[in-house]
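J.: This is the structure, below, for whatever I ask next.
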Amino acid sequence: MSFGFIYPTDFAAGIVFMITAWIVLRQARCTWIEIGMMIISVVLFEKYCDVRNSEIVMMILIICVVYLKIRNKLAAKKGKGYIPSLLLKILCLVAPYGLAGFMILVSRFYRPDIEWMAKLNTLFSTRLSLGKEVFDRYDVQIWGQGIPMRGNGGSTEVVADYFFIDSSYVNILMRLGLVVFILVMLIISIIMIKNLNLPYMLMAMAIVCIHSVMEHHIFEAYYDVFLMLPFANFDVKDIGKRQRKCGN
């Protein structure tokens, strides 16, 4: 069931991104009731949607939220806030490049006669073979190119000529080009670097990067609101000064 969305994965992805944004706003104030609702969403995904990627990512999110909640509580007893370790910071910074590089390389050099690749392709719902088909049909362009795609959304029948680039990393690289791909990766890095001491923001970006291995929503603002953060101004005092200047 897609609950009004064009495809079940789109519905589930919207829930995952929305809850991730909510957790960033709530942070340590997130209650066990809210965590329980997240667990219920995983159960509903499994029962009605069959969206393995969003289910796994949601479970990772739940584990991270519980971990941060406990760490913040322990840190509060010592009269301070929890700050991620250097190792955790490095892992978060490296994650988007590692995940993107992995998905692009295994798609580009996918061979069905290699056993581990064939098993991985089955686990990834044929995303590797589809990615390989993209690289066979098209070359990487600096400024992108038009690639016609046809998915299963909006139909109750199996699409014979199904061709869709699910992975955000492969999708952006092949359709929007190398320049946009590099810019997106830099934006992710900028967000992480600016928030190195804010564990919930690091967690959110890591969740987005993991989810994007299998799905194509990282560059869609109505899903991934975090990409707009480098252009946001959270300095309330500075905004007040500008408003007063405009009023004068």
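Here the Cβ of each residue, glycine as well, is placed from N, Cα and C on the backbone.
Caution: TrEMBL annotation is automatic and unverified by curators.
I grabbed these lines from TrEMBL:
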| type | residues | note |
| --- | --- | --- |
| TRANSMEM | 6-25 | transmembrane segment |
| TRANSMEM | 32-48 | transmembrane segment |
| TRANSMEM | 54-70 | transmembrane segment |
| TRANSMEM | 90-110 | transmembrane segment |
| TRANSMEM | 172-193 | transmembrane segment |
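Quick one: how deep are these features, and who are their neighbours?
T.: Within its own chain, the transmembrane segment (6-25) has Cβ neighbours under 8 Å at 34, 38, 41, 45, 48-51, 53-55, 57-58, 61, 65, 151-154, 200-201, 203-204, 207-208, 211, 215, 217, 223-226, counting only residues six or more beyond its boundaries.
Within its own chain, the transmembrane segment (32-48) has Cβ neighbours under 8 Å at 1, 3, 8, 12, 15, 19, 22, 26, 54-55, 58-59, 61-62, 65-66, 69, counting only residues six or more beyond its boundaries.
Among residues of the same chain six or more beyond the transmembrane segment (54-70), those with a C-beta under 8 A of the stretch's C-beta atoms are 9, 12-13, 15-16, 19-20, 23, 27-28, 30, 35, 38-39, 41-42, 45-46, 82, 199-200, 203, 206-207, 210-211, 215.
Away from its own ends, the transmembrane segment (90-110) comes close to residues 84, 117, 120-121, 127-129, 131-132, 134-135, 167, 169-170, 173, 185, 188-189, 192-193, 202, 205-206, 209-210, 212-213 of its chain (Cβ-Cβ under 8 Å, at least six residues beyond either end).
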